[in-house]
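Some notes on the structure that comes next.
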Amino acid sequence: MGKLQEVLKHPDELVPLMQMLVSDYYTKIVPRDPGLGFCYRMLNKVSRSFAIVIQQLPELLRDPICVFYLVLRALDTVEDDMALPNDIKLPLLRAFHKKIYDRKWSMKCGYGPYVQLMEEYPMVTGVFLKLDPGPREVITEICRKMGAGMAEFIPKEVLTVKDYDQYCHYAAGLVGEGLSKLAVGSGLENPVLLQKEDLSNHMGLFLQKTNIVRDYLEDINEEPAPRMFWPKEIWGKYTKDLADFKDPANEKGAVQCLNHMVTDALRHGEHALKYMALLRDPQYFNFCAIPQVMAFGTLSLCYNNPQVFKGVVKLRKGESAKLMTTVKSMPALYRTFLRMADDMVARCKGEARQDPNVATTLKRLQAIQAVCKTGLRSSIKSRKKQAATPLSDDFISKLVLVLGLGYCVYAFNLLPLLWKSALIPGPPPPALTSSLGLPHQIIAVFCVLTAGYQVFLRGGLA
């Protein structure tokens, strides 16, 4: 009942939700190869949202990135397992990149689906060893750097913002570097990405910091003793103990610290947009853009929100689906980021106007707005060229809408009515007077809604 109420409150999310259901169905169709089948089943278990975007990648990239993700999730499982003593964990993190070449290596650690990933790790190894040498080298190199970085931070706290940036570089910035190398190595992406490691690093930090901000309560309540990544340089300005933010009596300081953390994460947004503006493969673009827009949406939701210290804060499924289906091009991504930035600016000038960091928050948001506005202006000429092309996306969307409307007329047996309204003498031919039945009517309505929604996103029928 709750989900139905959500849909009724946000009817514009219905079509994206239906599209996401279709995408979700296809993620469950795994390859027949036992090794690849295991990898894609595990991918669905450890990250449904990531499974959806990986399945949309070009074939050249799909399997290497799936394996890349699982290798790094396994490494992350070792890092996160607080039951592993450091004398075992540290050498393992530093040597983990070598385990991917050992067909027999596995271990028991982690929790939930990660237990199966670690126990059946040879299945991942088998697929990895079948990859071309180029992807294998990239995965090995990034795993080596990440493992060494994680080992560096196991015995020490994240004290400064510089420490925070460095840890997030190891945990996620290196992922961006590896993805760029895989994409360029496949021949699908712009070689200039290899010269823009700073931008790919910002992509990773934007995602990682969003997760760290959002997961405060889950992380602080972890047993045994939790590892926290909020830098003391920030939280030390608002409390003597990071755990104090769980106490409702400390809500004011907690929210101020939260806003400070969100503001820090926002500095990566403009650079993430600059990275994505360099991409040329549409499927790889979607793969990169969807997590970034979800991260910005989550940061916006967390900003000035005391619920972060009380429970789960996440985007509605319909809202997530709408975001995932709207960012199909750079102009669409600019518009979405600009809308979110505008919303946050309004809140900074309203509900959060007394926040001690509001001036810096506004500065970061204005930087994002500037990149979006500049990008949209520069895309006007290319959009006009695209509109003049007979087979542009706009043309196809409108064509599908017209065909869908025709299908609706036929499926609902409306042709006799149109025949009479057109003042055509005589009855319509028998072939035009039969209804196709409920299944066809449902499909026809879905086609019209989907095509109509895409036409609306692209600026209407004009």
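Glycine residues also receive a Cβ, built from the backbone N, Cα and C atoms like all the rest.
In the three-state DSSP reading, ARG214 (NADP(+) binding site) counts as helix. Cβ neighbours of ARG214 (NADP(+) binding site) (same chain, under 8 Å, six or more residues apart in sequence): THR298, CYS302, VAL308, VAL313, LYS314. If you look up Swiss-Prot, you'll see ARG48, ARG73, ARG214, LYS314, ARG316 marked as NADP(+) binding site.
Residue environment of ASP80 (Mg(2+) binding site) contains 15 other Cβ atoms, counted within 10 Å of its Cβ in all protein chains. Look at Swiss-Prot and you will find ASP76, GLU79, ASP80 tagged as Mg(2+) binding site.
Swiss-Prot lists 399-419 (among others) with the feature transmembrane segment, giving sequence analysis as the kind of evidence.
Here Swiss-Prot flags 436-456 (among others) as transmembrane segment, drawing on sequence analysis.
Cα to Cα, ARG73 (NADP(+) binding site) and ASP80 (Mg(2+) binding site) are separated by 10 Å. Between the C-alpha atoms of GLU79 (Mg(2+) binding site) and ARG48 (NADP(+) binding site), the distance comes to 22 Å.
Note: the Cα of ARG316 (NADP(+) binding site) and the Cα of ASP76 (Mg(2+) binding site) are spaced 27 Å from each other. Residue pair ASP80 (Mg(2+) binding site) / ARG48 (NADP(+) binding site) shows a Cα separation of 20 Å.
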